[in-house]
Amino acid sequence: MKASPKTIELRFSRTLILIIIAICVFPFILQQLGVNFGSVNLVFNANGEKVKLDHTSQDLILTNLRGTFTHLILEWTAICIAIATAILAFIQYRITNNPATPIIGAALLCAGFIDAFHALSAIKVIKSVSDNENFLPFTWAISRIFNSVILILGTSIFLFKSKRMAPKKGRRFVLLICLSFIFIAYLTVYFAALSNSLPQTTFQNSFITRPYDVIPLFLFLFMAIWLLPQFHKKENSVFSSALLWSMIPAIATQMYMVFGSKDLHDSNFNIAHSLKAISYLIPFIGITLDYITTHKKEQVRITELKNAQFNLRQKNKELEQFAYIASHDLQEPLRTVMNFTQLFEEEFQDKIDTNGSTYLNFIKEATIRMSALIKGLLDYSRIGSKTEISNVKFNKLLKTVKIDLEAIIKESGAKIKVKKLPKIKGHKTELRMLFQNLITNAIKFRKEGIPPVIQIKAIDIGEYWEFSVKDNGIGIEEKHKEKIFSMFQQLHSKGTYEGTGIGLAHSFKIVSIHKGQIWVVSEPNKGSEFKFTIKKEE
């Protein structure tokens with residue numbers, strides 16, 4: 001058993017704030033070092049002299065570049081949507097631990113990277129080794145083929161993967177796949193940009209004007225007809241449904257390019273680019289709706305959990321009240337039995353035989369044991385009910401506990417080694433009882449002829465302190481490790497080790513009211529180490 005996981009509170013950390021400041025200041029530093037971030041285009045004549053254009057000439061140039069600007073806006077719209085979809089996909093993964101979402105998001109992100117390559121090629125930011133006439137149409141075809149292939153890879157991984165992975169393995173798997181997609185995207189850009197010769201991709205006088213766009217057309221049709229319906233059937237989410245419906249504009253995009261577009265920036269060209277942005281927008285809407293749905297389900301679940309916790313607390317209060325009343329009412333007749341047994345023994349001691357004395361001793365032992373059990377039950381019902389939370393210095397507390405247990409410590413020859421312990425807020429009386437129980441058990445269940453050695457320490461594990469009480473006693477079998485914290489559980493016969501079997505139940509409840517957990521690490525004849533956590537209070 002482990003301590004409760006630390007709840008991560010999301011906030012703007014100091015590191016993040018420093019990064020934001022550094023991003024703002026860094027360009028200024030680079031400017032001072034001579035780096036120019038300007039994008040002013042200078043026009044030179046045949047003699048290499050700078051020419052200043054008038055407004056008419058500038059307007060003419062801008063008019064001629066209108067198609068390029070429109071293309072750039074459409075491309076970067078699609079790219080931004082792809083980036084936003086990927087970010088939401090990873091946020092969704094943090095909530096659901098479903099690796100399908102981030103991998104599809106990563107596929108869309110890498111498709112966006114290739115689209116960025118195409119967009120930057122169009123404005124000559126990225127230049128190729130080969131002729132620019134074929135470079136722009138070729139980068140479009142490459143980006144669409146990459147988009148379809150990477151989506152097929154992403155969905156196929158989960159369509160044919162049957163086993164559900166543990167969260168830790170799932171994160172590694174997602175990271176590996178995402179890095180693989182990024183590497184494939186990098187190779188695509190690298191070889192396209194450095195190829196000496198590129199094939200012709202546009203044939204203006206043909207029925208199929210862009211034959212290379214037929215490849216992604218068939219791939220998108222394959223996804224729409226078979227692959228994505230199967231994926232949606234398995235995932236059954238708003239996102240998987242949106243991914244399926246996004247194939248309509250994706251297929252339409254290819255239809256406009258294959259059968260319509262003859263030139264750069266013509267009507268069919270711009271329609272296709274607009275539809276491509278829409279094909280990216282649909283999964284973005286889907287994952288947004290999926291996120292909203294998941295959030296609503298979480299809110300309902302939290303409300304149900306709070307109601308269940310409230311009902312459980314009410315039932316516990318009722319049970320504790322019942323235990324207190326029942327135990328208190330049992331004390332009176334038990335005292336009567338004990339008193340009359342004592343009177344009977346004093347008055348008729350000379351008149352009863354050996355068997356009678358034996359039976360009388362059995363009655364006395366049973367009533368004493370019953371009294372101890374009732375006291376233990378009363379103590380259990382009172383734990384945490386009346387004491388206030390205060391600052392507890394554990395080293396000082398342990399000194400008091402050792403004084404309380406001085407008799408059995410001396411009798412057993414026990415050595416108690418206490419390391420530096422923290423000071424935290426808690427129920428002082430209950431924590432004292434907790435250590436009394438654990439130390440008493442360590443002394444009681446010692447090996448014959450070997451003085452007990454008890455080591456007590458604490459370590460900081462973030463939101464909790466983890467305490468340890470370790471001994472060199474007889475140990476505990478694996479099958480008993482959970483049972484020992486239940487009420488009235490004894491692993492040994494009454495003749496071997498005395499006790500009521502309620503001490504560790506007390507310990508369990510004391511740790512619980514401090515929002516922690518308790519468990520034992522032990523093997524037979526190798527001692528026991530009781531560990532428990534206590535939540536740090538502000």
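Any Cβ shown, glycine's included, is placed from N, Cα and C.
Automated prediction, rather than curation, is the source of TrEMBL annotations.
According to TrEMBL, the features are:
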{"type": "TRANSMEM", "residues": "12-30", "note": "transmembrane segment"}
{"type": "TRANSMEM", "residues": "69-91", "note": "transmembrane segment"}
{"type": "TRANSMEM", "residues": "103-126", "note": "transmembrane segment"}
{"type": "TRANSMEM", "residues": "138-160", "note": "transmembrane segment"}
{"type": "TRANSMEM", "residues": "172-194", "note": "transmembrane segment"}
{"type": "TRANSMEM", "residues": "214-231", "note": "transmembrane segment"}
{"type": "TRANSMEM", "residues": "238-259", "note": "transmembrane segment"}
{"type": "TRANSMEM", "residues": "271-292", "note": "transmembrane segment"}
{"type": "DOMAIN", "residues": "325-538", "note": "domain 'Histidine kinase'"}
Contact call for the transmembrane segment (69-91) against the transmembrane segment (271-292), three or more Cβ pairs under 8 Å: yes
Local confidence of the prediction over the domain 'Histidine kinase' (325-538), expressed as mean pLDDT: 81
Closest-packing stretch to the transmembrane segment (271-292), where packing means Cβ pairs under 8 Å, from 103-126, 214-231, 238-259: 238-259
Outside the transmembrane segment (214-231), six or more residues from its ends: residues with CB under 8 Å to it: 141, 144-145, 147-149, 151-152, 155-156, 158-159, 208, 240, 243-244, 247-248, 250-251, 254-255, 258
